[in-house]
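Chemist: Structure incoming, see below.
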């Protein structure tokens with residue numbers, strides 16, 4: 001049996017069940033475990049209650065139960081500079097960003113990893129549903145989590161080989177119900193705590209209200225592709241490509257009484273385009289351009305590959321051809337895709353392995369730009 005007692009693992013603990021079980025499993029495997037709670041956002045609500053305080057109490061309770069030391073570290077400045085400013089800039093540009101991808105890259109596996117190293121960590125661990133496997137050459141491959149419904153490799157796709165070399169995902173081989181069961185069996189304080197939803201820093205708040213505190217909304221016209229005026233929109237940033245509802249035009253007829261969807265945006269003219277039908281022709285595209293292209297291991301500067309891709313979380317994989325040039329790439333779809341959204345991540349897979357990904361800049365239909373920003 002391996003003696004793990006000399007290997008120090010610093011666990012990012014959020015006060016949720018996943019990170020609690022992560023710490024428990026590592027402790028049971030004999031590692032030298034330290035828990036760290038990251039405070040990334042000042043989330044005091046209108047009643048003066050800070051949810052982070054409640055979460056930290058849960059971290060403390062679990063750490064005491066499993067007998068590990070724990071600390072709290074404040075990354076509010078790093079989060080603001082590296083994640084939130086990016087988030088706002090993307091919305092200003094008419095795009096729909098994915099802050100979780102950036103949060104993992106810049107905070108959970110950079111700021112936190114650096115901090116863990118000052119505590120003498122050999123590895124960091126989180127409660128993400130993903131797996132890491134080291135090959136005979138010492139290269140770490142990131143594989144999907146065993147629980148298909150919970151697999152989080154989409155959000156981890158910007159991690160580097162250096163980051164993965166120092167990372168453990170103890171829940172990767174488990175199904176979510178098994179994780180709850182382990183927590184309940186061990187009597188952990190967080191065993192019955194519900195999973196958090198929403199963007200990491202907004203939590204359960206009203207998204208529209210939250211965004212309007214930072215970006216003034218500019219109302220404008222809402223139109224069909226053929227120029228019919230459908231009324232007023234509340235601000236382009238509140239709408240995402242492919243969105244159904246929320247436009248206030250549900251009762252308006254046309255087409256075959258099909259529901260209305262957001263099918264395009266024109267940032268320069270401040271126009272929101274809407275159309276009827278889930279598969280409206282303006283929502284379909286055949287290729288995309290992406291930037292911030294990144295792979296989890298060394299790849300040539302310029303190459304072409306066939307693989308599968310996801311264009312949003314929990315979506316089935318689609319076959320694609322990827323042409324990479326530096327940190328940019330063209331991704332050509334084997335079948336037309338719906339609602340490819342600038343600002344979202346495109347993530348590449350080879351079977352179970354997550355190869356990396358990039359951020360979608362523009363979608364095209366047969367070589368012609370889709371009016372999505």
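Glycine is treated like the rest: Cβ placed from N, Cα and C.
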Chemist: Using only what Swiss-Prot says about ATP binding by 12, 13, 14, 15, 16, 17, 18, 19, 127, identify which of 38, 102, 142 is listed for that site too.
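Modeler: Candidate in the recorded ATP site: 38.
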Chemist: Enumerate same-chain residues with a sequence separation of six or more from residue 14 (ATP binding site) and a Cβ-Cβ distance below 8 A; give 'none' if the list is empty.
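Modeler: Listed in sequence order, they are 37, 38, 55, 59, 127, 196.
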Chemist: Max Cα distance spanning 12, 13, 14, 15, 16, 17, 18, 19, 38, 127 (ATP binders), Å?
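Modeler: Those residues reach a largest Cα separation of 16 Å.
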Chemist: In the structure shown, which of the binding-site residues 12, 16 has the fewest Cβ neighbours within 10 Å?
Modeler: 16
Chemist: Within a 10 Å radius around the Cβ, which one of these recorded positions has the most neighbouring Cβ atoms: 38, 103?
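Modeler: Highest number of other Cβ atoms within 10 Å: 103.
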Chemist: Looking at the recorded positions 103, 128, 344, which has the shortest Cα distance to residue 18 (ATP binding site)?
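Modeler: Going through 103, 128, 344 one by one, the closest to residue 18 (ATP binding site) is 128.
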